[in-house]
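Peer 1: Just lifted these from TrEMBL, have a look:
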{"type": "BINDING", "residues": "B:Glu230, B:Arg239", "note": "3',5'-cyclic AMP 1 binding site"}
{"type": "BINDING", "residues": "B:Glu353, B:Arg362", "note": "3',5'-cyclic AMP 2 binding site"}
{"type": "COMPBIAS", "residues": "B:69-78", "note": "compositional bias 'Polar residues'"}
{"type": "REGION", "residues": "B:66-87", "note": "region 'Disordered'"}
Amino acid sequence: MDPLALEYSSIADFDVGVTLGTGSFGRVRFATHIKTKEHFAVKILRKVDLIKFRQVEHVKSEKAILHALSQDQHPFIVNMAASFQDPCYIYMVMECVIGGEFFSHLKNARRFTNLTARFFAAQVVLIFEHLHAKDIIYRDLKPENLLLDKDGYLKITDFGFAKIVSFKTYTLCGTPEYIAPEVLLNKGHGKGVDWWTLGILIYEMLAGDPPFVDEDPVGIYRKILTGKVHFPRTYDDYAKSLTKKLLTADLTKRYGCMKRGASDIKRCNWLVETKWEALLKRDLDTPIKPELSSITDTSNFEEYPEEIDIAKPPIYDGPDPFENI
Amino acid sequence: MSDITSELHKYLEEKNINAIFLSIVEEILHNKPENPIGFMVNFILEKYPEETKGFGKQQLQERTKAPSFVSTEVSSNDDIGETDSECSSVNTIESDDASSLLCDELSISEKSPVQKKRRESVCAEQLTEVTVAESELKVIEKSETEAARILYILKNNVFFNHLDEYQMKTVQDVMFCVERTDGDVIIKQGDDGDNFYCIDNGIVEIFIDSPKTGERNLVRTCGDGDAFGELAIMYNAPRAASCIAKGNVRLWALDRVSFNVILMKTTIAKRKSTVDILLNIPVFCLLTEFELNTIADTLQEAIFEDGTVICKQGDRGDKFYLVHQGTAVCTKSVADGTSVEVARLSTGAYFGEIALLTKQPRQATVTADGSLKCFSLDRRTFNRVMGPLREMLMRSIDEYAKSDAQ
């Protein structure tokens, strides 16, 4: 057995620090491995809530997919170093991505310039290309699930809805503003959904808001199914052309879904000048450089109240569905 | 009417002031700009270039520090051209760099952080192919007119109008009747959502209780043919409003599990039966399972009335057809100019597959005999999605030869 894996076998091996993010089933905290002084972000999920909200299968699948993906150490994916559990929690020890949430950077900027948006869009293309080559669809792209590393490169996180699918799958999931029409129609969906969400992300980066918005989800879904997109005048023409090709309901015409796959996107006018290899090697200048005083500076993350789950959640009294993962 | 008023009216009418204001207000409401004044200035400059000539658009734009936001509308469902001519439609515009420069300037000048909230993910219960195959659907008997009324409602609802005829009928079959009397709560705000409802007859009032004040507001009144609770057929979310019967109400309800089971079951069955047919067609039989599934999902439904000529002998073909329901007659013209029937095609038969491979003229004329339902696929779509069939066949033959040699 890998000697390191042994030392990462319990939360007691870590000095757990501030909260970096929260979700429906737990939170992510900054953590320092006591022995090696290495820094991590530990995702801590409450088992009772996972069971109550029927997320057991999703977490199992997330863990398996992260484990498989982490073998490759892709530069734009938040890799997992280890995972373990105790009676109350599931822990996933993730590499620490210190530049803050992409969501906060976009929120503060209101919208990105064309060049900035293009830089991030290109990285998402590389991420999806990598995942799809492994038959993994991600299904939940949105600014909330992207982080910036210390240099300002993207890292995608939260693989809760990711799935290994060779052809199509059927469970509706995602985030209302980002859900593709074929997902709403319940007729089965595949890798194409990720390219749709890229179209929404590009739009949100350039326009400040996603293209289909409404006060309630049914209103959003109506707009998605009707398919009318209004572009602000400031929207770059080449970006608009790609956005339209990604936000195409007809899967025989959506970019990314056809014979040439992602290369249709990589060769479109908006992205054609991207230096793909240099980008993958993180050899380019980044448009947003997070301000950091040290590698443990968590000031790029928003502050979260810490006291909330100091009380341990109850232990689920039925058989533990996580026993063998 | 006084002289002054009539003079003002005359002026307003002559200069079309009402319409101008209306269009400004409309555009403002549509775009909800952060800086309405700057937006209006830009809007007027752009909409009335002649009238505003010499107003110094650039300077004005800089002074008002607002982006021009006159929206251009596109429909993402439109045919946006073939991939072969990728992006060529935008080649005429100014270079990428020049336009990005302008955009960068504008967006920088317009920073105004707003409160954006993190959006939660949503998810439906997982249905496996096994549970779907095993689940029994309960058919509720309905009169012909009841069934027709339900179909009419479904066909006019954006969440159902994509269903094919068979799916529509199956959904209609499982919908069950719910009868309520005055004051009955059909849906309670905050409850779990399981059913979608459409009103057969009666009135339903929809209320939203304000979480802060506890005040109840009527937001919509629904009558015959209206529908509510669509979200419940997608996933379980707390109901956003309460729906209360006003007088006697008769409703048709559909539950999420049945709806999803129907869609998944019919989609998988249709794909499987199509793939089974494709496997028997020589040009397809060597393709991979993934490729066959993709072709099956790419086929389009095509319905022909009795007597319609689907393809004509001698014409250049570009479409492949599978007969789904009904009969088609193949005829060939002979030397004396008359035509003779050479074959009759029924469910599972196919024709025109050569059109996916070459532009060879059609070998026979195919005509619908009675109403005919086919699935079809044209060469352009095929090439776009799958690549040229010729290359796929060459690859399959190569692989076949290799495996044979071993």
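Glycine is treated like the rest: Cβ placed from N, Cα and C.
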Peer 1: Out of B:Glu230, B:Arg239, B:Glu353, B:Arg362, which binding-site residues come under 8 Å of chain A, measuring Cβ to Cβ?
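Peer 2: The answer, in sequence order, is B:Glu230.
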Peer 1: Let's check the environment of B:Arg362 (3',5'-cyclic AMP 2 binding site): how many other CB atoms sit within 10 Å of its CB?
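Peer 2: B:Arg362 (3',5'-cyclic AMP 2 binding site): 20 neighbouring Cβ atoms within 10 Å.
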Peer 1: What three-state secondary structure does DSSP assign to B:Arg239 (3',5'-cyclic AMP 1 binding site)?
Peer 2: coil
Peer 1: Around B:Arg239 (3',5'-cyclic AMP 1 binding site), which residues of its chain at least 6 apart sit with Cβ under 8 Å of its Cβ?
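Peer 2: For B:Arg239 (3',5'-cyclic AMP 1 binding site), the qualifying residues are B:Ile187, B:Lys188, B:Gln189, B:Gly190, B:Asp191, B:Asp192, B:Gly193, B:Gly229, B:Ala232.
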Peer 1: Including all protein chains displayed, how many Cβ atoms other than that of B:Glu353 (3',5'-cyclic AMP 2 binding site) lie within 10 Å of its Cβ?
Peer 2: 19
Peer 1: With an 8 Å cut-off on Cβ-Cβ distance and a minimum sequence separation of at least 6, pull the same-chain contacts of B:Glu230 (3',5'-cyclic AMP 1 binding site), or say none.
Peer 2: B:Asn157, B:Phe159, B:Phe196
Peer 1: Look up B:Glu353 (3',5'-cyclic AMP 2 binding site) in the DSSP assignment and reduce it to helix, strand or coil.
Peer 2: helix
Peer 1: Which of the three DSSP states, helix, strand or coil, fits B:Glu230 (3',5'-cyclic AMP 1 binding site)?
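Peer 2: The three-state answer is helix.
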